[in-house]
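Peer 1: Mind looking over this structure? Questions follow.
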Amino acid sequence: MPVDDCWLYFPASRGRTFVQTVWVAPTCPNCCWFPGFLPPVPRPPHVPRVLLRGPRGAVLPASRPSKTLPSSSQTPCPTDPCICPPPSTPDSRQEKNTQSELPNKKGQLQKLPTMNGSKDPPGSYDFDLIIIGGGSGGLAAAKEAAKFDKKVLVLDFVTPTPLGTRWGLGGTCVNVGCIPKKLMHQAALLGQALKDSRNYGWKVEDTVKHDWEKMTESVQSHIGSLNWGYRVALREKKVVYENAYGRFIGPHRIVATNNKGKEKIYSAERFLIATGERPRYLGIPGDKEYCISSDDLFSLPYCPGKTLVVGASYVALECAGFLAGIGLDVTVMVRSILLRGFDQDMANKIGEHMEEHGIKFIRQFVPTKIEQIEAGTPGRLRVTAQSTNSEETIEGEFNTVLLAVGRDSCTRTIGLETVGVKINEKTGKIPVTDEEQTNVPYIYAIGDILEGKLELTPVAIQAGRLLAQRLYGGSNVKCDYDNVPTTVFTPLEYGCCGLSEEKAVEKFGEENIEVYHSFFWPLEWTVPSRDNNKCYAKIICNLKDDERVVGFHVLGPNAGEVTQGFAAALKCGLTKQQLDSTIGIHPVCAEIFTTLSVTKRSGGDILQSGCUG
C-alpha cells in the first residue's frame, strides 16, 4: 500500500522530486535505486528502497508497479559490490526526526518525512501559498503566483491606531504612505504655483485659502477607489482574500481571526510574510492619548492647525513640508541629525531650505510629556521637552503633535516563534537569504520587515513578483537591492540612487572618489525670482574604476522624475565620460548632469547666475 505523498531528495538529481506514491521494493537493503531513473543513492537509515509514481499517476521511471512486488520483478543493485552503506539498526536511532526513523522491515511500507517536518503531504494543504499582509509586496506576489494557477490566500488586517484610524486593502503605501503623501505634497506645490502665477500674468487674489476638509475628502476618495480596485484584481485572478489577522499555530498552519473574533485555520505548502511596519510611539505620558502619527494624518477630519512634528525621518520632513506649504505654522523637533542614512550634505541643504521657507527647527531636544490643555478639533496641547546634551527643558503649545520617530516591524505577534522563524530581537526585522527565504524553508518574507534591505514600495513589489516567479515559474532571477532610486518629497525634492558621499568614502576611501557638483536654477523659478542657487546636483565617481558613477544626488523640482532615468544608467555602469558625451535637453533641470565639471576637491565656484549657467 502507498504511504502519504511527500518530497524526497536525491543528491544525484540536483534537485527535488515529488513523490506522490511510495512503494517498497526490498531488493537492495542499502540503497534507493530503481531501474532507469537514477544512479544508486545511499539510503538514509531505516528508509526502505522505493519505487515512485509521479503526479497524475505517471510512473517514475517506467510503468506503475503493482502494490505487491514479486521477487522476480525486483532488480538488484547495479553496483557490485553495493556501494551503499548498511542501514543503522533500530537500536542506534536517535530520538529526534521520529517520522524517518521507524524500523526497516522488508516488504513493509515505512513512513517517510515530508518537506520541512510537516505531517501533511503537500497535496493535502488548503493553499499553495498563504500571504500574510495585503500591502504592495504581498499583493504583487499573490497576483504573480495566481498566474501559475496556484491557489493563493491573502490575509490582511489593520489594527486600529490609538485614535481608532483604520483603512482598506493595499497596505501603508496606498493608504497612509506614498499615495496620500504625494497628493498632499502636490497640494502644497499648487499653493506655491499660485504665488508664482502672478508673475506670469495671472490675477490671483492676495488671500488664497486652503480647505483641509476638501483636500482630505478628495484624497480619501481616490484611496477608496484603489482599495476597491485591489479587491477586484484579486477576485479576477481567483486569489482568496480575507480581512483577518494571520498567526502561525504550527508547521504549515495558520489561524485567521477577523474583526469579530471568529477564527479559521488554514494550511499551506508555503507562506509569505509581508506585514510591513507601523509608526513607533515615544513611550512618554500622553503620546498615545493626544498625539497623532502619519497613520492618522492623511484622513484627519479637521485641519491640524499649529503643528509640532517630532522626528527627522523622511516621513517627518515630508509631512512638515506639505503642512507648511498649505499655510500652517510648523515646528520640527529633532533629536540629532536630519534624514539618517541619507547623504548628509543633501540632508542639510534640505533643512536649510525648509527653514528659509518658514519651518522652525528645535534641535537636540526630545519630548518628555504631552498634556492636553483644551479638548477640541484640534484642541490645544502642551509639550515638555528635554535637551539631549544638557539639563535644559522647554515647553511649547501646539494644536497637533505629529510623531514621526521611526517605524516598527509587524512581526512580533504573528506566531513566528511557534514555527521557529528567527527575527532580530531588537528591531523585529527578519533575516533572509538572497531569495527572501527565512531560516524555515517554507516561509519567505519581503518588504519593510527584511533586515538590511531598503524600505521602499517598489522594492517590495519587485521582490514579491520575482519570488513568485522563482517558486512557480521556473525562474532564477533574484531581486537586485543595489542602485535602487528613491525620492524624498520635501518642498525641495531630493532624488538619489547609489551611495551617499559618506558610504562612498567608507567603501572606496576618500582619495579614490571624485565628487562633481553644482547648484542650478530652474528656468521656471527665474521669472518669480525665487530660490536661486538652492537646487543642487552631485555625482560621486570611483576613480579606480574608470570614474564609474557610484552615487547620484539631485535637489530640485521633479527630482523623482529626473532620478528614474539616471538610475537605469547607473545599473548599466554609467561613467563620468559617458555623462560628458551626452547632449542635454535644454532648458530642463536634468541637463546639469551633462555639464558637471567642478569637483569638491578643487573648491571651485559652483554658483549659477541663470538657467544656462
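The backbone N, Cα and C atoms fix where each Cβ goes, and this holds for glycine too.
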Peer 1: Which of the listed positions, Lys147, Lys182, Lys544, does Swiss-Prot note as N6-succinyllysine?
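Peer 2: Record says Lys182.
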Peer 1: Looking at Swiss-Prot, which one of Cys84, Cys178 makes a disulfide with Cys173?
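Peer 2: If we follow Swiss-Prot, the cysteine bonded to Cys173 turns out to be Cys178.
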Peer 1: Given the candidates Tyr230, Tyr245, Tyr442, Tyr516, specify the residue that Swiss-Prot annotates with phosphotyrosine.
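Peer 2: Candidates were Tyr230, Tyr245, Tyr442, Tyr516; Swiss-Prot attaches phosphotyrosine to Tyr245.
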Peer 1: Taking the Cβ of Lys429 (NADP(+) binding site) as the centre, how many other Cβ atoms fall within a 10 Å radius?
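Peer 2: I get 21 for this one.
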Peer 1: Do any of Cys173, Cys178, Arg280, Tyr314, His586 (recorded positions) have a CA within 10 A of Ser136 (FAD binding site), and if so which?
Peer 2: Cys173
Peer 1: What is the number of other Cβ atoms found within 10 Å of the Cβ of Gly246 (FAD binding site)?
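Peer 2: That number is 24.
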Peer 1: Per DSSP, to which secondary structure element type does Tyr245 (phosphotyrosine) belong, with helix, strand and coil as the options?
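Peer 2: Reduced to three states, the DSSP call for Tyr245 (phosphotyrosine) is strand.
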Peer 1: Calculate the distance in Å between the alpha carbons (Cα) of His586 (active site, proton acceptor) and Lys182 (N6-succinyllysine), and round it to a whole number.
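Peer 2: Pair distance, Cα basis, whole Å: 27 Å.
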Peer 1: Using a 10 Å radius around each Cβ and all protein chains in view, which of these recorded positions has the most neighbours: Phe157, Tyr245, Tyr314, Phe342?
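Peer 2: Compared across Phe157, Tyr245, Tyr314, Phe342, the most Cβ atoms within 10 Å surround Tyr314.
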Peer 1: A 10 Å Cβ contact count, applied to the binding-site residues Gly177, Pro180: which residue has the minimum?
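Peer 2: Taking Gly177, Pro180 as the binding-site residues, the minimal 10 Å Cβ count falls on Gly177.
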Peer 1: Which of the recorded positions Phe157, Cys173, Lys182, Asp448 has its Cα nearest to the Cα of Leu317 (NADP(+) binding site)?
Peer 2: Lys182
